[in-house]
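Some notes on the structure that comes next.
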Amino acid sequence: MTVTIVGAQLGDEGKGGVVDLFGDATDVVVRYQGGDNAGHTVVAGGEEYKLSLVPSGVVRGKTGVLGNGCVINPETLFEEVDALRERGLDPDVRLAKRAHVILPFHRELDGAEEAAKADSDSEIGTTGRGIGPTYEDKIGRRGVRVGDLLNEDALRDRLEYLVDAKRAIYEDVYGFDASETDGAFDIDAIHEQCLAYADRIRDEDLAVNAGDYLADRIADGDNVMLEGAQGTSLDIDHGNFPYVTSSNPTAGYAATGSGLGPTTVGQGEIVGIIKAYLSRVGSGPMPTELDGDQAEYIREEGGEYGTVTGRPRRVGWLDMPMLRHAARANGFTGIAINHLDVLAELDEVNVGHAYERDGERIHTLPATTEAWRDCDPVMKSFDGWSAFDPAVVADAGYSALPDNAQAYVEYVEAELDTPAYVLGVGPGREESVIRQNPFE
């Protein structure tokens, strides 16, 4: 069986915690897109683990697979694996041979392009980790894949063309000096580094044909959880373009990015992860955005700082047009609503129920950023709820939530016509109300 976990908003919804929550029923956790630009935090055995690439299930002894839809920075991968081993874990990680590899010049180009965009006030706010440039090389059919690392002759030929082309862009288009990048455009240095990566991948038997590997695990009766990074409104096709990531976090890509067929993924559950309010890192419209004391309160209570970048996140009220769009684009069979505890003790909790633009009421996300930027939120207000003990609520169940918090949850369920499987009532894995396990 498969369960696909998808962020319903702009990332940072708490996907890793939900993956961890159902980890006991899972045998394999698969990342099907993205790279080391999407941090996730998992708490297990009283220990906190912050990961940006390795699938979160490995901290509970599950197999973690980075699918062909991912872009992999081997340096980050091995740093995270080694750090987990130093803490007494034995992570079982597999890499799709078809996944593309982030190389040093990708990171340099990422920073150069963002700097150029800053001059025209059109920067995206990337993490600078080379994700976009690597996907560009994938789509341009010139990138290096994990399988290429294992073929020394093919690797050298590919690098000869690729590095020369990228150096020309870095210097002639962006006006930077490649010689000042500590070897990021040095073919010999990159080739040697890639061969070292290949030796470790080969020695630890990490590379697999991911689709075949996962199909065999499912045939053997194993449960597979497919984990998207970022969120629906950051999807390259369905998100707030151009303020998006360079891949597809939406559920449809779970098949493409893992090598499993769409009927295999579609027969399983698709769970949308929702933060009880909204947060965003980087640029782009945000109609329900807050500032001042309320924003600061939510930011501090929710710890709204990027796992990877440490940047303060922008925060706002829950945006229902965004969630309706996500529910349609992904086909959620269930949802999880996290961080209900963060909103406790506010006198009033608001929701962006709809938008208004040019006198028209809009209930879903506009297709263009320009139209979205012109939207004003139509707010719906809820009475706030008192603080509660997360452990008590998690133990007693849904009925122990304050009545006003229940009304808030039931409003979201009704608007999306989707049941809430999980309610996050505190920061820990155990501080959750589980109403339905998608694997059962």
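Don't overthink the numbers, they just go from 1 along the chain as shown.
Every residue gets a Cβ built from N, Cα and C, even glycine.
Going by Swiss-Prot, these are the annotated features:
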type     : residues                                                                                       : note
BINDING  : 11-17, 39-41, Arg313, 339-341, 424-426                                                         : GTP binding site
BINDING  : Asp12, Glu13, Gly14, Lys15, Asn37, Ala38, Gly39, His40, Thr127, Arg141, Gln230, Thr245, Arg311 : IMP binding site
BINDING  : Asp12, Gly39                                                                                   : Mg(2+) binding site
ACT_SITE : Asp12                                                                                          : active site, proton acceptor
ACT_SITE : His40                                                                                          : active site, proton donor
BINDING  : Thr307, Val308, Thr309, Gly310, Arg311, Pro312, Arg313                                         : substrate binding site
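Around the Cβ of Leu340 (GTP binding site), 26 further Cβ atoms fall within 10 Å across all displayed protein chains. By neighbour count, meaning other C-beta atoms within 10 Å, the densest spot among the binding-site residues Gly11, Gly39, Pro312 is Gly11.
Counting in whole angstrom, Gly11 (GTP binding site) lies 4 from Gln230 (IMP binding site) by their C-alpha atoms. Counting every protein chain shown, the Cβ of Thr127 (IMP binding site) has 23 other Cβ atoms within 10 Å. A distance of 30 Å separates the Cα atom of Thr127 (IMP binding site) from that of Val425 (GTP binding site). Proximity to Gly14 (GTP binding site), defined by a C-alpha to C-alpha distance within 10 angstroms, is shown by the following recorded positions from His40, Arg311, Arg313: His40. Classification of Gly310 (substrate binding site) by DSSP places it in coil, neither helical nor stranded. Calculated from their C-alpha atoms, the gap between His40 (active site, proton donor) and Asp12 (IMP binding site) amounts to 8 Å.
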